[in-house]
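**Student:** So TrEMBL lists these for the protein:
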TRANSMEM  B:7-24  transmembrane segment
TRANSMEM  B:30-49  transmembrane segment
TRANSMEM  B:82-101  transmembrane segment
TRANSMEM  B:110-128  transmembrane segment
TRANSMEM  B:163-182  transmembrane segment
TRANSMEM  B:250-275  transmembrane segment
TRANSMEM  B:287-306  transmembrane segment
Amino acid sequence: MSLLQVEGLGISFGGVKAVNDVSFALDTGRIVSVIGPNGAGKTTLFNMISGVYLPKSGKVLLDGEDVTGLRPDLLAGRGMSRTFQNLQIFHEMSVLENVIVGFHMHERGPVLSDLLGLPGSRRRSRAAAEGARVLLERVGLERAAEREAGALSYGALKRLEIARALAAGPRVLLLDEPAAGCNAVETEEIDRLICEVARTGVAILLVEHDMKLVMRLSDTIVVLDHGEKIAEGDPAVVSRNPKVIEAYLGAGTTEALHAHG
Amino acid sequence: MRLSSKQSTLLVLAALMIISPFFFPSNYYYRVGSLVFVNAIAVVGIVILTGYAGQISLGHAGFVGIGGYACALLPVHLGVPPALAVVLGAVLSGAVAYGVGRPILRLKGYYLAVASLGFGVLVAMVLANEGWLTGGPDGIKVPDPGLRALLESLGITLTNPQFWYAFCGLVLFVGAWLALNLHDSPTGRALRALHGSEVAARTAGVDVAKAKLNAFVISAVYASVAGSLLALQNRLITPDVAGFMHSIELVTMAVLGGAGSVLGGIFGAALLTLLPQVLTVLQDYEHVVLGLVMMLVMIFLPAGLIPSARRLLRGRGE
């Protein structure tokens with residue numbers, strides 16, 4: 001039994017099937033990437049797995065338990081965490097606070113204790129702050145800890161989101177285009193970070209347009225086109241699959257595949 | 001040692017409260033001061049709801065009304081001491097906020113603003129129309145809590161305005177302290193996080209509906225306590241404290257001073273309480289000037305007065 005199993009997941013918007021009958025599995029410490037042309041349904045699939053959308057058909061199993069359509073905060077409690085394609089940063093809060101929020105499930109306690117600033121409340125906050133500093137160091141943002149998050153560069157924000165997602169201590173981490181809009185150096189950093197995280201035993205599901213990154217990192221690639229899974233396998237096999245090349249030809253991004261190929 | 005922003009805020013607040021009376025030419029100014037404090041208490045609640053959590057209530061005066069009338073009615077009808085009536089009023093307000101907020105806050109968007117607006121109007125109408133109980137539009141007398149007499153028996157003699165200045169100031173100080181504790185606590189961080197991005201807060205494990213409900217209930221209790229203090233010091237309460245205009249005033253005070261900051265909210269409350277006193281000179285134009293001031297602040301200092309000023313100072317310091 002795999003850690004995360006997606007079985008026949010499907011959803012329609014206004015009669016159009018955005019995702020149809022997609023299945024795959026993800027194991028501890030592995031990296032599975034979902035690729036496909038724009039509009040193939042990658043982010044929609046992500047939103048269904050992470051509880052943002054309620055799928056019309058199919059199931060999501062986490063450690064064998066049905067978690068389909070479970071609220072994101074409850075999913076987080078079960079060990080699923082994610083980042084967002086369009087950054088979702090708490091701009092008005094400091095970099096450190098952004099990551100501390102990731103520890104919410106560990107640091108939350110009685111509201112009254114927080115209002116009165118009781119020692120228990122302060123202890124919880126302190127522990128979360130310490131954990132957050134360790135994570136900031138891990139993503140190379142320790143020197144920006146006290147800065148307002150809104151002031152960071154795009155690449156730094158991407159890493160900040162990953163740090164926040166890691167704070168929850170996930171078993172499954174969903175990364176939605178972590179390298180989008182990043183320059184070569186930033187992409188390099190994110191590449192290294194993802195490998196490191198996978199090595200610690202976190203199962204990673206990745207949506208990414210940067211094919212070099214995908215080919216280098218992935219253990220398995222799932223290819224979507226028009227909401228359907230058209231191929232699945234290791235990078236070498238998938239990149240030679242005629243259906244995949246065809247799908248990308250249509251979208252005009254073959255050079256990326258060939259570049260690797 | 002460097003002061004934390006919480007300590008410095010409380011220090012500034014305490015200093016202003018203690019130093020101001022030395023410049024008061026007459027007893028009347030104590031009364032204005034305690035009115036500032038009463039409004040500020042309610043506004044600190046709005047800071048938690050709107051500034052921290054980003055939720056808008058257009059009916060918070062309803063809770064001011066509940067707190068105020070609790071002090072008028074409970075001692076007379078149930079024989080409860082007025083001091084206890086303040087607590088019971090707060091509990092009732094909290095419970096009502098829970099009942100109103102629970103179904104509403106599960107929905108996204110501006111439902112809270114609309115629902116709270118309806119709630120506030122409802123409270124004001126009941127208070128105005130149920131004359132047999134509430135005295136109707138003319139209001140109702142509020143019994144003396146006897147706290148000043150208690151102090152006198154301990155050898156501390158204060159005039160009535162002085163006593164209320166000190167007492168409301170103390171309550172405001174405690175209210176500010178609680179709000180500042182909350183700001184940097186797990187609960188407060190969750191509120192500020194969902195203000196920034198609900199979907200991200202949710203993904204981090206924040207139960208967004210519950211967190212918003214917490215903020216709504218807490219802010220209702222602040223409003224209720226403010227209403228109680230207003231009733232007790234005026235010895236009279238009228239339905240217009242629960243009115244729509246008062247709700248708007250409270251939100252405006254918070255936004256004007258800077259909704260995200262406790263000190264900003266208090267400053268906004270002070271400004272909008274004092275301005276009409278000063279502007280009586282211009283009587284007919286009072287609302288015009290008030291509106292103009294607000295428009296200018298919103299255009300040029302959208303974060304509110306205190307946060308904008310802070311940013312300016314920090315910018316110079318670097």
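We number each residue from 1, going along the chain as drawn.
Here the Cβ of each residue, glycine as well, is placed from N, Cα and C on the backbone.
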**Student:** Other than its close neighbours in sequence, what residues sit by the transmembrane segment (B:30-49), given a CB gap under 8 Å and a spacing of at least six beyond its ends?
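**Tutor:** For the transmembrane segment (B:30-49), the list is 20-21, 24, 55-57, 60, 64, 159, 161-162, 164-165, 167-169, 171-172, 175-176, 179, 182, 191, 215-216, 218-223, 225-227, 229-230, 233, 249-251, 253-254, 257, 259-262, 264-266, 268-270, 272-274, 277.
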**Student:** Would you say the transmembrane segment (B:110-128) and the transmembrane segment (B:163-182) are in contact under the rule of three or more C-beta pairs closer than 8 Å, pairs 6 or more apart in sequence?
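**Tutor:** Contact criterion not met.
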**Student:** Taking residues 6+ outside the transmembrane segment (B:7-24), which of them lie with a CB under 8 Å of any CB in it?
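**Tutor:** Same-chain contacts beyond the flanks: 30, 33, 162, 165, 169, 172-173, 176-177, 180, 262-263, 266.
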**Student:** Who are the long-range neighbours of the transmembrane segment (B:287-306) in its own chain, taking Cβ under 8 Å and residues 6 or more past its ends?
**Tutor:** 252, 255-261, 263-264, 267-268, 271-272, 275-276, 279
